[in-house]
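Student: Sharing a structure, written as structure tokens. Questions coming.
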Amino acid sequence: MAKDIIFSDDARNRLYDGVKKLNDTVKVTMGPRGRNVLIQKSFGAPAITKDGVSVAKEVELKDTIENMGAALVKEVANKTNDQAGDGTTTATVLAHAIFKEGLRNITAGANPIEVKRGMDKICADVVAELKKISKPVKDKKEIAQVATISANSDESIGKLIADAMEKVGKDGVITVEEAKSINDELNVVEGMQFDRGYLSPYFITDAEKMQVELNSPLVLLFDKKITNLKDLLPVLEQVQKTGKPLLIIAEDIEGEALATLVVNKLRGVLNISAVKAPGFGDRRKAMLEDIAILTGGTVISEELGRTLESASIADLGKAERILIDKDNTTIVNGAGKKDDIKARVDQIKAQIAVTSSDYDREKLQERLAKLSGGVAVIKVGAATETEMKEKKDRVDDALSATKAAVEEGIVIGGGAALIKAGNAVKENLKGDEKIGADIVKRALFAPLRQIAENAGFDAGVIANAVSINKEKAYGFDAACGEFVNMFEAGIIDPVKVERVALQNAVSVASLLLTTEATVSEIKEDKPAMPQMPDMGGGMGGMM
């Protein structure tokens, strides 16, 4: 297929047109008075959202060169969302502002490579300044404030996330689901939960809730399949003498072994249940070891020279309560020693620090969360499906922003921190490198200007007033139209969100500015399909 090749200024101008169209669509969602964007769906009702990355994902332009420009900035939004969970609109607005200003200078004769070098240097300096002016999140109130801002000033969402984080801890798992009612709910699962349910419904003890409940149970952990009952008999006889319930967690239990366990349960000989071990391969072995440490038990492993026949009461773990439904097993208050659990947590944290695989890191973080805290489930309620999806987007954003704030600290919000950090940087650059640095410093005003503009205020006046004021916490509250102490007003942003948004925006804008040619496919206009001939006369004898 023939290709269309465009060079230098023509190429960059066409790319800019695409970036501008994307930015104009996304920027209206910014700030407490940001507007909604209505998105047509291929089926069902249209979606309505104020989530920048959701809007960006839907933008596809007809012109192929423009679409390439938009696609690169979409990548900024997606990458920022992946890394920080929020700040997608900020990243898009920054990327557009840097590209626009840079394009003007390069068209006037500046060297793109020197300009890029200056942009990279000032970006590193501003990031260092942001970290310097940040402060750690100290209490529940600040967590609620971060979540509220990210959820478009919805205080109920902020409180919900703060409550969830208070209950499960900073490393705990918090998930977001759709509620069955119009009310928001927070359910906390204390202890450890993994995604394996009972192997047979005959193990159920609570028919109304369709779940197994074991009080003060013992826990047998085995890393292979159990098919032969003979191997299990010695430990089962010992458990029966204690009169306590037993949970068996193994790779699988099948055939004669499972059938005999079910019969013993139904006859009341032994209160017993069985589930498959979570995970696969080496990860399964690691998770079994996690459960052993949590419950104070030992994994029976043939690799360590242990057989199932050799298992004794001393090898079994203990817990206050275990709940099992068809999908999940929850261990409440395991009897493991706190020092052992802490050592295991530290070991997993060390593995997270050295792994280079995103997938491995995610799985290690799941294990860390299961060991170090419970699981909080936020159920989002709304009157309609459209409202539900929009609200769930905001809760996801707020949750990600809150985790980012806990991780790296907070700065004043509303775009003011970027301006203050930019003003504090003193660079000694010359020539086109200085032009690159100045481009970024001017672009740092763009988020605040956009927030003010969306709220109906004079963007230039507001941005200038914030810039010239020397108070570190001075900023503009667009919700009420006043200049305030941003920390006292609770208008704060995670420093990670600001940092990632700026770094990604500078990265993609500098790529666009150093582009000298574009190669794209030439779209061929296909002839329209011929009309079907008239069948005439309708369907004759049909009534």
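Cβ coordinates come from backbone N, Cα and C, glycine included.
So Swiss-Prot has the following annotated:
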- 29-32, K50, 86-90, G414, 477-479, D493: ATP binding site (BINDING)
Student: Among the binding-site residues listed here, G31, G87, G414, which has the most company in the form of other Cβ atoms within 10 Å of its Cβ?
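Tutor: Buried the deepest by this measure is G87.
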Student: For G31 (ATP binding site), what is the secondary structure state per DSSP, taken as helix, strand or coil?
Tutor: coil
Student: With every protein chain in view, how many other Cβ atoms are within 10 Å of the Cβ of T89 (ATP binding site)?
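Tutor: Other Cβ atoms within 10 Å of T89 (ATP binding site): 28.
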Student: Non-local Cβ contacts of K50 (ATP binding site) (under 8 Å, 6 or more apart, same chain)?
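Tutor: Spatial neighbours, sequence-distant, of K50 (ATP binding site): T29, G34, R35, N36, V37, N152, E390, D393, R394.
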Student: Check the binding-site residues T29, A478, D493 for other C-beta atoms within 10 angstroms of each C-beta and report the one with the most.
Tutor: D493
